[in-house]
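Per TrEMBL, these features apply:
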DOMAIN    B:15-393  domain 'tRNA-guanine(15) transglycosylase-like'
ACT_SITE  B:93  active site, proton acceptor
BINDING   B:93, B:94, B:95, B:96, B:97, B:163, B:208, B:235  substrate binding site
REGION    B:265-271  region 'RNA binding'
ACT_SITE  B:284  active site, nucleophile
REGION    B:289-293  region 'RNA binding'
BINDING   B:333, B:335, B:338, B:364  Zn(2+) binding site
């Protein structure tokens, strides 16, 4: 029987590349963006609008779904695809990121020294992580094996090994110990995965090692030598964009080139161009959809000229300047929102706290990201990625 | 030039009737239900899903729109239709209902003796009503003339005269004084309307008189003698369903038969059948869309057999019994939601507080109401309205 998963490289231009990930639920043309349907729903948008916005793949979070409705309920309902009515590729993460970020606090909270929510992480040890449900306080234990079992019940096409998301503010020694434990967890994940893999899912390993080149090299070698289908760059990527680019760049030099490579949690336009140039194939981030729920609409560099905006990648439709602006978010955009509605209408909906505002901006941002990735793929095929960048990102940022 | 508005009676069966209201934005087949797009949006649903759910007409509230974004902003954006991307008929109310219900408290609060929100109504006198904005505390004065001017700027097809929504717990003397003032307001509204009517809008008068037969008769005579296009039954309809049916029945005997007749604020299935039997042509109510945002999905009597539900007209999808129920809300329903999603998925979305739950149930409830009205029209055409009732409403209620 033909393997249902494959990764084919179509074209390379510099280190950037166009490829196809084949899955039982269809193909993913890469570079691709993966949108967050955290709790088995893209927030505020029905799945048909997501589908008609050229979306190739979405992800759900194991952490949220194991707590509610529980993986057994999802399995009884036929798995994530059937439960939510999505028949294209899906990814689930391992649950680790939320356990550790809710436990330690997020990277930004860590850097800023702020800590708002109650800690839910009780302990981490060799076996796994013990944490408290944010819904009802019940205690859960997530081990590498358990994470795979849960992801098998959820039934996404692409799944991830459990790793410890090392905080940024720890010593190199801590980072090393954490990396070695995540390596042992990766092996345990793989063993558990292979026990009952019937070709319906494919597993990704995750490179660790924080910002330390020697640790990253060691981690890449380790992941390269295990039979993962794909690989992700995880762990701490540093304190600044520059450091993040350095870490990704260094890591990419050491990872195998024949596997689809995912960069966890990155979704800015400029960041995506940088990472694609380094050979990254897929991205995920809450940014485009979360931004929408704060009134932020993504906008191409060339459409930004007439608008005063502090941010270079989006406009905030809450701003008073849009009260009477009856242009669509982008006049050259063919998304549902831009074909039907004006900035002024969405501005009104935001002021009136109408949920429809979040729906409409999310649809635009999803469509925008898919068009961005499509343009990136075409530009790689045409060996003109650098020129393409100027259509989407301001030059001052793009070439910083 | 041919008048752009007309009301044609197609068929009468008992007092129930099928008709067509012609407007510049298209026809409304009656009996029809008018959905609330309070602040120029159906809450949680994009307008194309509302349109594809066979919706003929929606309404927006003058009260909310005059406060935000303001009628001048709506006018600058081309009026309500253009602003919100809706190209079928629309209605606006006068603003009175919200001023008086937020000012006096709602009828149910009044009956129960509860009063939660701060009163915003400052005074009512012959000139009009002075009230405070719930958004910023600013003082507004709404007169009959001002309400017409605002509604002309909003640009809906069907508009209403300003009236005082008489509270229930007042004396007959108060009700009479209030009725007479509303009559004077109705004349002032009509005068203001005729100053600048270019055939793009049609005005409805409102019958007053509370629960008192002599006052209702007097009010009907008054409204009948003024050149309104349509008429609505307003004011207090009493304390119970039985009293409401009595008041509507009595009022209908005295209102002109050649005008489209609207019953304000009624949206229950059994209530609609009763009112249609008395000759009512159109209804509006927040019920179907508000119910959806509380997890309530409307369901036909014949689909209720296997479900234990306290309410006879809907099921509450929050209930645990739906956790693993992978049937659609109604298996014979062709709405977007029932074609795509299960009760179990919507149950999960409600538990997870995903906005998509409100979207999906609202779409079902809107489609349901439109199918209900379509079935009612067909049943009148076939002289079998009484039999049709048993498909939609439980017999014990339907014939109470």
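A Cβ is built for glycine as well, from the same backbone N, Cα and C atoms used for every other residue.
Just so you know, TrEMBL annotations are computer predictions that nobody has curated.
Values in this document were obtained by computation on a predicted structure and should not be read as measured data.
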Apart from the site residues B:333, B:335, B:338, B:364, the 8 Å Cβ neighbourhood of the Zn(2+) centroid comprises B:328, B:329, B:330, B:334, B:336, B:337, B:339, B:363, B:367, B:368
When pLDDT is averaged across the region 'RNA binding' (B:265-271), the result is 95
Cβ under 8 Å from chain A, restricted to the recorded positions B:96, B:163, B:208, B:284, B:333, picks out none
Quick note, residue B:284 (active site, nucleophile): same-chain residues at least 6 apart with CB under 8 Å of its CB -> B:33, B:34, B:35, B:36, B:59, B:91, B:262, B:264, B:265, B:267
Among B:93, B:333, B:335, i.e. the recorded positions, the one with its Cα nearest that of residue B:235 (substrate binding site) is B:93
Close in space but at least six residues away in sequence, with Cβ under 8 Å from that of residue B:364 (Zn(2+) binding site), the same-chain residues are B:292, B:297, B:298, B:329, B:330, B:333, B:335, B:337, B:338
Cβ atoms other than its own within 10 Å of the Cβ of residue B:96 (substrate binding site), all chains, total 26
Neighbouring CB atoms within 10 angstroms of the CB of residue B:97 (substrate binding site), all protein chains considered, total 20
Residue B:208 (substrate binding site) and residue B:93 (active site, proton acceptor), compared by Cα position, are separated in whole Å by 16
Counting other CB atoms within 10 Å of each candidate's CB, the least crowded of the binding-site residues B:94, B:208 is B:94
Ordered by sequence, the long-range same-chain Cβ contacts of residue B:95 (substrate binding site) under 8 Å (at least 6 apart) are B:61, B:62, B:63, B:66, B:142, B:147, B:150, B:162
Longest inter-residue Cα distance for the substrate binders B:93, B:94, B:95, B:96, B:97, B:163, B:208, B:235, rounded to the nearest angstrom, is 16
Across the region 'RNA binding' (B:265-271), DSSP yields 3 helix, 0 strand, 4 coil
DSSP, reduced to three states, assigns the residue listed as 'active site, nucleophile' to strand
Simplified to three states, DSSP reports residue B:96 (substrate binding site) as helix
Per DSSP, the region 'RNA binding' (B:289-293) contains 5 helix, 0 strand, 0 coil
If you count the other CB atoms within 10 A of the CB of residue B:335 (Zn(2+) binding site), including all protein chains displayed, you should get 23
DSSP output for residue B:364 (Zn(2+) binding site) maps to helix
